Amino acid sequence: MAGAIIENMSTRKLCIVGGILLAFQVIAFLVGGLIAPSPTTAVPYMSVKCIDVRKNHHKTRWLMPWGPNHCDKLKDFDEAVSRQIEANDIVFAVHVPLPSKEMSPWFQFMLFIMQLDIAFKMDNDLKENAEITLDVSLAYRDNKFDDWKEIAHAIEIRKLKCTFSSPKTLDSEGRHYDCDFLPFMEIGSVAHKYYLINIRLPVNERKGINVGIGEIKDIRLVGIHQNGGFTKVWFAMKTFLTPSILIIMVWYWRRITLMTRAPVLLEKVIFALGISMTFINIPVEWFSIGFDWTWMLLFGDIRQGIFYAMLLSFWIIFCGEHMMDQNERNRLSGYWKQVGPIAVGSFCLFIFDMCERGVQLKNPFYSIWTTEVGTELAMAFIIVAGICLCLYFLFLCFMVFQVFRNISGKQSSLPAMSKARRLHYEGLIFRFKFLMLITLACAAMTVIFFIVSQVTEGHWKWGDITIQVNSAFFTGIYGMWNLYVFALMFLYAPSHKNYGEDQSNGDLGVNSGEELQLTTTITHVDGPTEVYKLARKEAQE
C-alpha cells in the first residue's frame, strides 16, 4: 500500500512539473517568435572612390565618402585615367552606418564581408590563385563634428576565388567575374555612433603586389549586426533565467549537504552542469551597453563551450550510473575513456577560437582562413574535434545499449524480488527512461528548429500575425536547455523522507532510515548509495 502511494505521488509530481515546464517552454518560443524582431540585420554598403594625392600616404588622413567634408570623388576609373590619377592615389571609403542613421551599443557586434566587382580585360586578366593586398583602416567618432580616432590599421591579404562563365575574348571585355565573398572585418562591440573604413589597394609591380588581380571596378561591403530589439529581449531572458537557476542550484545543493554521506559523482556532475548553465545565463552583456568590451564574442564562445562539455560529460556519467552491474563507478577516473575525447575536442575548439577571435581583439581585419597555413591549422583543429565528437557518440551509444540490455534483464526478475529491491529497480528504470525521453526530445527540437530556421525565409506570416522563426529558435532552444537543467536538479535532488518502524515491518520490508524514491537517486543515510549496494547484492544472488 505504501509503495503504491509513493508511486502515485511521484507520478503526480512528475505530471505537475512536466506541465509547468512545458508551459514555460511554449512561452520561450512565443517570446522570440512574436515579441522579438529577427536576430540580425544585413546592410549593403557601396564604397566611394576618393582621391588622395599626398606624397606621404602613411600619414593618417581620413577620407569621408559624403557630408560637408567629403573627399574629392571619382565617378569611375575611366575618370581616373583621364585625370592621370594612379591606383595608389585611390581610396575606397565606407561610412557606417548609412546617412541619417546611428549605430548603437544594442547592436552588440559588427561583421563585414567584402565583394569585389572585377571586370575582364584582355591586357589585365585575373591570374589563377591571385591574391589581393588591402591596406585597411578603421576609425570612429561619436559626434559629427569630432575628429576621427583610429581603432585599427592593418595590411591584409585575401585570396581571390573567381570564375568567368564567358569565353575570354575581346567581345567579353567589361563583363564581371563571379567572385566569392571575402571575410573582411569582425568587431565584438558597437560602442560608438559612427565608423569610417578606408581601403587602399597599393600597387607595386616590382614586388608583385596587387598585380594580376584584374580590373577592379568597385568594392562592396555587407555589414551584419544584431538587432537592438532582439538584444533587449535576449537580455531580459538572461536576467529572468539567472535567478531561477541560481535558486534551484542553492536548493539542490542544500538537499545534498543535509545528507550524512558525501555527495556521489552523479550529484556533483548535475551541480556542475547547473554552474555552467548559470555561467551562460549571467547577463554580463548589460555592461557592454556602457563599456567598449570587444572581447564579449570570445567570452560568449568560452561560456558555451564549458556548458556543452559539461552536458556531454553528464550524459556519459548518467548512463554509467544506471548500468546496474557490479562495477563501482562513483569516481570520475572511471570514465576517462569517455570523458577524454570531450576534453581533447573542447581544447581544440578553444585553441581554434583563440587563433581567430583572440587575434581579432587586436586586429579586427584578421581571419585565420586567409592563409594556407592558417587554413590548414584551423582544419586540423576542427577535424580533431570532429573525430573526438564521433568517438564520444560511439561510447555514448554503446553505454545506452548496455543500460537497456541490463534493464531488460532486470525487468524479467522484478516479480521475484523483495518489495524494497523491486521499488528500487523500478525507480532506476523509470528514471533512466524518463531522462532519455526528455533528452531525445530536447536534442530533436534543437535539430528541427535549426533546420527550419535555415531553410525558411526567417519569418512566417499567418494573417496579421508574423512569427520570427529565427528569433523563436534562439529564445526557444535557449529556454529549453535552461528548463532541462532546472528539471534535472529538481527531479534528481536527494529525498529526505524516512519510513518509520511500522512501514519497515510491513509492505516495504526495509529498515528504518532507508530511503526510497522513484525519481531521485536512492541513497542511504550512512553509506555511499543504495545503487551500488543493492546492485551488487542482486548480481551476487
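Note: Cβ is positioned from N, Cα and C throughout, glycine not excepted.
Automatic prediction, not curation, is the source of TrEMBL annotations.
The following features are taken from TrEMBL:
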type: DOMAIN; residues: 48-226; note: domain 'Wntless GOLD'
type: DOMAIN; residues: 227-496; note: domain 'Wntless-like transmembrane'
type: TRANSMEM; residues: 233-253; note: transmembrane segment
type: TRANSMEM; residues: 265-284; note: transmembrane segment
type: TRANSMEM; residues: 296-318; note: transmembrane segment
type: TRANSMEM; residues: 339-359; note: transmembrane segment
type: TRANSMEM; residues: 379-407; note: transmembrane segment
type: TRANSMEM; residues: 428-452; note: transmembrane segment
type: TRANSMEM; residues: 472-493; note: transmembrane segment
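Packing against the transmembrane segment (233-253) from elsewhere in the chain are residues 28, 31-32, 35-36, 270-271, 274-275, 277-278, 281-283, 285-286, 471, 474-475, 478-479, 482, 485-486, 489-490, 493: each is 6 or more residues past its ends and has a CB under 8 Å from a CB in it. The list of residues near the transmembrane segment (296-318) in space but at least 6 beyond its ends in sequence, with Cβ under 8 angstroms from a Cβ of it, reads 108-109, 186, 188-189, 265-266, 269-270, 272-273, 276-277, 279-280, 284-285, 288, 332, 335, 338-339, 342-343, 346, 349-350, 353-354, 357-358, 361, 392, 395-396, 399, 432, 435, 439, 481, 488. The average per-residue pLDDT of the prediction over the domain 'Wntless GOLD' (48-226) is 89, rounded to a whole number.
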